[in-house]
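S.K.: I grabbed these lines from TrEMBL:
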- A:49-96: domain 'Cytochrome C Planctomycete-type' (DOMAIN)
- A:128-191: domain 'DUF1587' (DOMAIN)
- A:476-535: domain 'DUF1595' (DOMAIN)
- A:541-663: domain 'DUF1592' (DOMAIN)
- A:693-788: domain 'DUF1588' (DOMAIN)
- A:804-877: domain 'DUF1585' (DOMAIN)
Amino acid sequence: MTQPKARKRTERYPDPLAMVATICIALTYSHAKAETVPSQPSAILQKYCVECHNATTTEGEIDLSSKHIDWTAPKNRDLWERVLNANAQQIMPPADAAQPTKAERESLTKWLDGKLLQHTSIGGTLPRRLNRSEYQATIRKLFDLPKFELPVGFPGDIELHGFTNIGEGLVVSPPLMEAYSKVAWEIAEELYPPKNPAPKSSVRIAKPDDMVLSFSAATVRDGTLRLASRANDVMRSCSWPSRIELNYSGTYRVSVSASKFLSDRGESFDDPMILEVYARPVAASERSRVQNFRLLKEIEVSSEEPETAVFDANLYEGETVLFRWKNAEMTHDPPAIRDGFEKIARANKEFLAAWLKVVYPNGNAKPISLAPLRGRVGWDSVSKHMNDPELDLTGVSADSESAEAFFKLVTKSGKTSIADSLCHYYFEYGPSLEIHSLQIEGPLKLVDSPKDLLRKRRQEKITGPRKEGMSDEAFARQMLETSLPRAFRRPVDSADLDRYLAVAKEHWDSGHSFDEGMHLLIRNILISPRFLYRSLGEGKLDDHDLATRLSYFLTGGPPDTVLVDLANRKRMSPDWVLKRESNRLMPGRASDFFVKDFTGQWLDMDLLPEIMPDPKLRFTPQYVDMARSEVEYFFATMLRENRPMTDFIDPDFTYTSLLFAKHVYQLPIKLTKDSTANRKLRRIKLERGQRAGGLLGQSAIMMATANGVDTQPVLRGVWVLENILGTPPPEPPNNIPALTPDTQGATTPRELLAAHTKDAECAACHKRIDPFGFALENFDPVGRWRTRWPKANKPIDASVVLPDGSTVQGAIELKQWAVANIDQFSQCVAEKLMTYATGRLPNHAEKAEISKIVKENRESEKGFRDLVLSLIASDTFRTH
Amino acid sequence: MPHLPFVESRRHILRAGTTALALPALEAFGSTKSNDEARPKNFVAIGSYLGWYQKAFYPQKTGKDYEVPATLSPLADFRDDFTVFSGLDHRSQNGHAAWSNFLCGQSPKSYSLDQMIADSIGDKSRFPSLQLTAGAGEAGKSGANSISYTRQGIPLPKTRRPSVLYRQLFASKEDRARTEYYLQSGRSALDNVLEDAKSLQQNLPAADRQKLGEYFDSVRAVEKSMTRQLQTVNVPVPDPKYKLPDYDPITPNLQMEAESIFYDLMVLALETESTRVISLFLDGLGQVFSIDGRPLGSGYHGLSHHGNNPAMLRDLVAIETSHMHCFSKFIKQLKEKKNAEGVSLLDDTIVLMGTGMGDASRHSNRNLPTLVAGGGFNHQGHVATDQSKSNPPLLGDLYVTLMQRLGMEVGNFSNASGNLNEVLS
């Protein structure tokens, strides 16, 4: 299970060598704009870097020997930003080489920081194609198709910088274009379907043998279909013809021939029997409830002779009729079944005696299993005894103890077995409702089905109402005036509009209908670059682009009418408006798209479905879901309650079930007697300063940073650097095989990974990576606390020295350290949010702006929601 | 429109496929064998939701010389064409929800065998794979009864209406006309958006213009592909001379009828090389079948909880025998159809018949009744695996053998890393 993770990491980082190779070219051919490197940094570079990174050696294909730098070339800035990071994080020079002094390091940092700030301007998002989920959400909203789903084979998106909504990563390819073209067709087909040929009226007949029998809902006896019970479950009480499915929505003439069935041995039924006739979509689920269907008619059946009722009803495409006996005495709920049993048993001793004989054979005290007595099988065995002239009736009484025990058993057994048998008593002796035949004639005339009406409403939403006397062209123009700005998320000028109108006109001129013209326009709109891309252009976002960026950031979908209206009035950009709108759209529930999508990608919750915890860990799929929910509820609450940033690390609350809190987190929880309640997610108060709670203690995080079977300290360490501290290590050099510790072995992972710190080349990064992994080693692959390494069976040593020199003993102290250095975490999450929102990795200038916001947020004791609001107000957010 | 309103629509179906792939032809299926080795090229998996009653499915004796058990009686004439396996399973969890372990292996709802095969060999036909279902049941309940899952674990929608499958395979005149319209008007739509894109580009910075290059390239590529498709869309499709009923047998009690029609269409699909991979799901819930004019004693699902009651078992086995009766007609047709070299379609097709439910009465997913037919294998009658030995074979080992037989270079499946090549070759 390590594979997906490994795959993902390689996808996330483009090949560093290829990247650097291009940088080298850029450096070699630096031109007139180049500035001379001042003497102080030049001396430091000469002293510590150039020995390896020069024009001929180019270790890692990096050349730092040039005396001149063209800062205007973005590739040069990328390179020197990497130098800045390698210096600040002390990754370079390697451990076995001479190290710069603190002052030298600071001096280099200051020079690079200044130069990079001076030459980096805010902005630079490439056009962002709508990604899968944005595309789906946008279509849903644009055409009022809330259930629209992309086809299963629809191409996926490439993840870049940890997210699937980055401009650079969102590529358009021929297969994707073809998929867009197909989806556009499907939408157009839904809105403007081709006309069906005119139907012919016909007569369809169903006899009892052509009706559906499900469980004991109905049976066929003496050439009639008999119904005996009423229930809301269609499969337990209804019947319908198996071979009639109407192809046209219209008015039909329905004739039903029905009668009462009564017998001397059964109960009487003096009232008219009410036969309900419903409209049922033939393809509806067998688990449907009758309330989901449309009642067409109630027929009173009063005679034991067949009588035919005739009525006209509207039936829609794909439907048939369904029968239910409304006032049947028998139902399928246990107390009523028990009462039914008792009633019959009091009137009919043979009935009771036979049941007792079947259920308690040879007078046993213990009943047999009732499951095999289902349906007619059960009834046949009872019936055999009932009709046995030698059936012993001595002592048989509905008041006897054995009868009472039996009635109790009936109640307990519920609806599934005994009731199915009891139906057959009614089928055999009555009262039952008999259906002799069904005839459906039509369509007598065509009608609009609810689907047709809904389609008309959707059409009108796109076109606006058609005024009397409006020409096709004027109507199509009105449609474009309404729909193009919505689809393109900004006003459309008349030349562009005319180009679209010409498409329809040309189509009509070549003999196509009005609807076909609209069909084609819809397809055109949906493959236009103005629909498929956002963030086109440069510089400050205008009101429309700002509304679009804000909306996709917080909701994953296009701007709503309020935002569109504000943008149209050019009222979107004042700070107070932007803040008000951000607050209005701010997600606060775990089910909100932003919460699921952002935590799915930032915290790698999207990896959880691929991880199958080892059965030894006793971690069920329900636990996996619960663990993910915990993260989502937690994150949503941080946002909703504007919690301080330190609560991400050391909160006084979490969301999980009592069962999970007890069994996985080993919290002192008292379970209730109600096992359903124990499994329900709820807010749970935590003591601060302990191991459970926060991003460095949550089960789902520990799961996402392991592989389901064992922990991998390096993987977890890298994850913490990348997603909690925002200082991802560079990729391991290509020529060195990764050390994959075998935690199953006799040695501990620590012993195995010691190799990393012995080798100077490995040590530069691993002295930064490994401590974070080892500090969390007490969390097993599902986040349960452990004190010994499995297999090696040695106590876990989680004491580490962090890159800044702090000594930390395990997870709790690591959390304390993270709280003390909270700005580093805040900067990390702020950069992730900004990357997700703007579709680009923040550059040096943007990081500086974010850093100011982070600092200000902490100093004025603001919370997470405030931070998000300040990020939205920033220049970085407001720039293309 | 399978993915819009969630119901299978009987509206126009676009003719699938591109010019690169052969259109269905009804002459004898082609000979695509390479010189080196004759290997089957098709794979069919059929799974029963409610399982197979083991005692009526497994022969008492092992080897070829067994007495045909009740459920397999319709297959008596083909006993040399299949092998029955007893004792195999995926060590998956118990319960209906884990049913998909049939093709998914130990982890239900993961990459299924048929999709692995389709991803390997499916691109050589118009439809990489087909997923079908007969008999209404739990339809709509989340995934508990899906059979085919993509690499990402997405359950694939199943075609329930024979008329829809028929039209996918043999586009009607109306469907062809609609497809032509799609392609023709689609090309003009692409022309227009290219103009639109050019006008849009004028006001964009260089970096954006460069990025939009992808868009232009893609639009032009699709335009070309549509032009190619237009050249073949009107090539007439031969009439398969198959008469569908004028209704779709989708009500639960018509399951056997649906099954029979699907088997016929599956033969046609394989014969015309429209696809190489098919899965068929045999659903089941409360439907009360009438067999030989006799309504059975209880619903299908009720009977599956037989509790060893003889009357219920008799009726359950009657249903399962009916399934096998439909299946035997499938095998018969596959065996009768031969290509120019005289190789039967059955030899060219591996048919896997099984279930994810070992014993529905107890919801146990151990010991899954499994049958492999065709595929040019030297069939072995009844193979019972000794599960008391250490490291006993898994059902996944058999799957590895099947995939290797299809020419796939794989050594493991789910929790299995061996094979049964010594048993079945």
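The backbone N, Cα and C atoms fix where each Cβ goes, glycine too.
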S.K.: How do the residues of the domain 'DUF1587' (A:128-191) split into helix, strand and coil according to DSSP?
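M.R.: For that range the per-state counts are 32 helix, 4 strand, 28 coil.
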S.K.: Among A:49-96, A:128-191, A:476-535, A:541-663, A:804-877, which stretch has the highest count of C-beta pairs below 8 Å with the domain 'DUF1588' (A:693-788)?
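M.R.: Answer, by Cβ pair count: A:541-663.
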S.K.: For the domain 'Cytochrome C Planctomycete-type' (A:49-96), name the stretch out of A:128-191, A:476-535, A:541-663, A:804-877 with the most CB-CB pairs under 8 Å.
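M.R.: Against the domain 'Cytochrome C Planctomycete-type' (A:49-96), the leading stretch is A:804-877.
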S.K.: So what's the average pLDDT for the domain 'DUF1588' (A:693-788)?
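M.R.: On average, pLDDT over the domain 'DUF1588' (A:693-788) sits at 83.
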S.K.: Quick check on the domain 'DUF1588' (A:693-788): DSSP residue counts for helix, strand, coil, in that order please.
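M.R.: For the domain 'DUF1588' (A:693-788), the helix, strand and coil counts are 43 helix, 3 strand, 50 coil.
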